[in-house]
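Accompanying notes for the structure given below.
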Amino acid sequence: MISASRAAAARLVGTAASRSPAAARPQDGWNGLSHEAFRFVSRRDYASEAIKGAVVGIDLGTTNSCVAVMEGKQAKVLENAEGARTTPSVVAFTADGERLVGMPAKRQAVTNPNNTFYATKRLIGRRYDDPEVQKDTKNVPFKIVRASNGDAWVEAHGKLYSPSQIGAFVLMKMKETAENYLGHTAKNAVITVPAYFNDSQRQATKDAGQISGLNVLRVINEPTAAALAYGLDKSEDKVIAVYDLGGGTFDISILEIQKGVFEVKSTNGDTFLGGEDFDQALLRHIVKEFKRETGVDLTKDNMALQRVREAAEKAKCELSSSVQTDINLPYLTMDASGPKHLNMKLTRAQFEGIVTDLIKRTIAPCQKAMQDAEVSKSDIGEVILVGGMTRMPKVQQTVQDLFGRAPSKAVNPDEAVAIGAAIQGGVLAGDVTDVLLLDVTPLSLGIETLGGVFTKLINRNTTIPTKKSQVFSTAADGQTQVEIKVCQGEREMAGDNKLLGQFTLIGIPPAPRGVPQIEVTFDIDANGIVHVSAKDKGTGREQQIVIQSSGGLSKDDIENMVKNAEKYAEEDRRKKERVEAVNMAEGIIHDTETKMEEFKDQLPADECNKLKEEISKMRALLAGKDSETGENIRQAASSLQQASLKLFEMAYKKMASEREGSGSSGTGEQKEDQKEEKQ
């Protein structure tokens, strides 16, 4: 036996026994794509079991989210309850426990910064100790904490929430938007993720979908979705680059489009680079200038910082279309000398200088993606811009310099990803039949072998789904178990890469080192999620896992979060019922009082007084509406309405009889007149 640490180091004894459909495949197929590969991919895409109902496409963004559905052969972006086509990915919890999502949450962020969560997609699937998370803790007003499993979670009013839960609350809002449009329950969804997301982040996104009550049919990469949106109605074959600089992440993908086949050649990116970093850089500049001018440091004042953050975002957007903007924040803070106001002019050139390093960080991934795809910039027929930050003129100029051509404006940078997700949903549902999507895994996968070396089994930019096996052996005499450590990344040593998970194959018969044959198989599904198995070829003993890191959400965690989400959904339903009942009651009170004033001469005084008492009771009930159910308010309002109807019926009868009486006397006078005329 050897120590546990060395048990992790299985020794490589053989070459790869490839099971990959990409390996040794005949090249005589359609458009250079083998028939075997076509069958392998399409078998998963065109599932035999029929998908019932519409499949919604959701772009779960860092800053904003968007939802679309297929209508015939066209994808339609849906408007939310506020009438907007995108929804802020913001979730807030008020002091009384109410949960707000989208624009209502964003509007109250200034007065409730500590309990308003934004850009939590940057935390999804990440460990608390990750350098990026530690950097983020200094930049946000809310609390990022270490969960019991070591992941980064957030805290509001003493309650902990996983980033998957926060994502689920946003997804529930998108689901509700789709259901309002469709008129029925939306169950199936395709959700997008940044192309450079690792396995943990993809799994956490899928968990968010499950928590929200969605059946996530597929997780697809954002640039690939944008390419679908761009190329669905295009007939010419070409190589395109998708430059996706969004709110929190950056991706670059090189794709080849041929007769409805969208094949990703390579992908690269940075999962911690986006509009949030541009906002943060500008915020730091404003705070620094304000301190230089007034001597007041705003960094300890969360409410003031939130106002500056919102002003920075607004200024950033304005400078995409104008060369100068004013930042005015009256009564931002105060000191012993009185209130302090912020008044600042900011030019586009100044802003570009502040964020130039961030823009430069997108260049190396683009060059690497072209290198991996084995294309030069002259081979690229179109450059597609995706993500709100690509509206910035300096970003567009950088892209033009990098690829040697002006970028295309053929797609809406805010909506293209959701449209592409809806198209993929149409493919899975069988409604779109002339599209085939061949995506890739963004990072290499392998295991830790003797000496802590990272041995790759599947290289980055391998077309998925894919499967590959390799034979390893024991590192010590008499070893009866092997611990398999599964890693993802590009570094030579396993410890420098992302540890996705680990498991142990036990029951290996004692033998000299190098004799047992342990076959490790990696299977990456069409979602980019990894499944691993290890098999002792001598005994046939096998151990299989779907990779779940030491962090991540357990099945019980997800079930509890689903219940909590359902509880919130039920609370939202009750709240909506109560609001509707209150509106109805207030309308009845207003109508009743108006009619009482109008018909006061026809109404008996005692009956009027009784009705006024009913109205007073109704008003008292509405004063304590937060503790009442919608049903109680509705019943009380209905009783008031019935009482008022009876009273007004009496008034109507009285008026009718009066008119009848006056009408009779009028008829008699007319007869007398006629009689006189005849004489």
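For all residues, glycine too, the Cβ spot is worked out from N, Cα and C.
These figures come from a predicted structure and were not determined experimentally.
For the residues K73, K259, K368, K653, Swiss-Prot attaches the annotation N6-succinyllysine to K368, which does not rule out the feature elsewhere.
Swiss-Prot marks one residue of K159, K291, K456, K610 with the annotation N6-succinyllysine, and that residue is K610. According to DSSP, K600 (N6-acetyllysine) is assigned to coil rather than to any helix or strand. K567 (N6-acetyllysine) has K138 as its nearest neighbour among the modified residues K138, K300, K360, K612, going by CA to CA distance.
Averaged across the region 'Interaction with FXN and ISCU' (432-679), the predicted model reaches a pLDDT of 83.
Within 10 Å of K612 (N6-acetyllysine), as judged by C-alpha distances, no modified residues are found among K138, K143, K234, K646. In the three-state DSSP scheme, K612 (N6-acetyllysine) is classed as helix.
When secondary structure is read from DSSP and collapsed to three states, K234 (N6-acetyllysine) falls in the coil class. Cβ neighbours of K234 (N6-acetyllysine) (same chain, under 8 Å, six or more residues apart in sequence): I257. Under DSSP, K567 (N6-acetyllysine) is assigned to a helix (H, G or I) in the three-state scheme.
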